[in-house]
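Below is one structure, written out as structure tokens; the observations come after it.
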Amino acid sequence: MAREKFERSKPHVNIGTIGHVDHGKTTLTAAITMAMSVFSGAGAGKKYDEIDSAPEEKARGITINTAHVEYETENRHYAHVDCPGHADYVKNMITGAAQMDGAILVVSGADGPMPQTKEHLLLAKQVGVPKIVVFLNKKDQVDDDELLELVELEVRETLDNYEFDGDDIPIIPGSALLALEALIESPEAKKGDNEWVDCIYSLMENVDSYIPTPERDTDKPFLMAVEDVFSITGRGTVATGRVERGVVKIGDTVELVGLKDTTETTVTGLEMFQKTLDESVAGDNVGILLRGVQKENIQRGMVLAKPGSISPHTKFEAQVYVLTKEEGGRHTPFFPGYRPQFYVRTTDVTGKIESFVADDGSASQMVMPGDRVKMLVELINPIAVEKGMRFAIREGGRTVGAGVVSEILA
């Protein structure tokens, strides 16, 4: 059977459920897919157990269990990621295996914010999830409305602590389980038929309006990491790689950033699969012919970018997940002063880990396999670094950690 064509009639947004274990993330995900199936043939409703048996994925050699579902609202098409285990969230958010343009934080009205609620919020902040909408679940288990209001206040305070806009964020109370049961009983339930199903509609209306449509990759400033370089006699030097974002046209001025002093050059030709192009866009694997650049002045690990859009750095702070030995990581802890390779985009750069910081701000002296930690890194060579950039930490050819840049220092 022929594959269905992916119809791009609505803007696409990546979203995920986050929150403490057993607060109802997967149940809510199931309820959303069932309620939203009225808007589309896309993403027929998924039952709880279809979501919970999440397949394993490998991102940078790390095994992550994530479940992907899709659904549509009146205004948008969503790809929704739900992770069964807490460790999966940590790995997913740090490796960016499933990018999130926004998140639904699920908090049980019976318990209020718990340790993982806070840990997921901290991670969401540091990996750059821009906006969050809250679903206050298990409302049916709270008899007293005042208690629910207290929990809501506590949630808003917690959001403020992690620099999300606690006053402004929509918080929708409801019961994912009762909504799901109502939808299983009458899958045709529309808005106004059932108070619990209405909570799901209300949640998604808030997600539609509060979580911004992400800027498309093609609208961002041009960037391509250089993978290979060769010279064509009589024509000049060609740098090849995959365009990470933006658009590049013949005649554009671009900057070569990283490893050496930043220089400017002009694009004189573009080729893809032996054909010439006038312009190349995000996602293309392309060869870029550059004017007046010697082959020895470009090397793998540099980037070609729109002038002024990215600069070379050597010092940054990052949130890192350290692989367990079962995942192929180290068997032993490491300490400040450890000098592994940092694999960024297309190249390894040696760097020194100067210090580690725990979530509460205290300095830790040692990092164990399986830990998540904030670290201060100094690279021996400057490379193009920006906030939110992902990297892997390697040692002797194997990945021992994955990280995301949270702050640039120098």
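Cβ from N, Cα, C; glycine included.
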Exercise for the section: If Swiss-Prot is the reference, give me the range from 117-120, 137-140, 233-236 marked as region 'G4'. Expected result: 137-140
Practice task
Could you tell me which of the ranges 61-65, 271-275, 371-375 is annotated in Swiss-Prot as region 'G2'?
Solution key: 61-65
Fill in the blank from the handout: Expected hit for region 'G1' in Swiss-Prot across 3-10, 19-26, 307-314, 323-330 is 19-26
Problem - Between C83 (GTP binding site) and T26 (Mg(2+) binding site): CA-CA distance (Å) - result: 8
Problem - Outside the region 'G1' (19-26), six or more residues from its ends: residues with CB under 8 Å to it - result: 48, 51-52, 67, 82, 84, 86, 105-108, 111, 113-117, 120, 135, 137-138, 176-177
Handout entry: DSSP-derived helix, strand and coil totals, residue by residue, for the region 'G1' (19-26)
Key = 2 helix, 1 strand, 5 coil
Problem - Tally of DSSP helical, extended and coil residues in the region 'G4' (137-140) - result: 2 helix, 1 strand, 1 coil
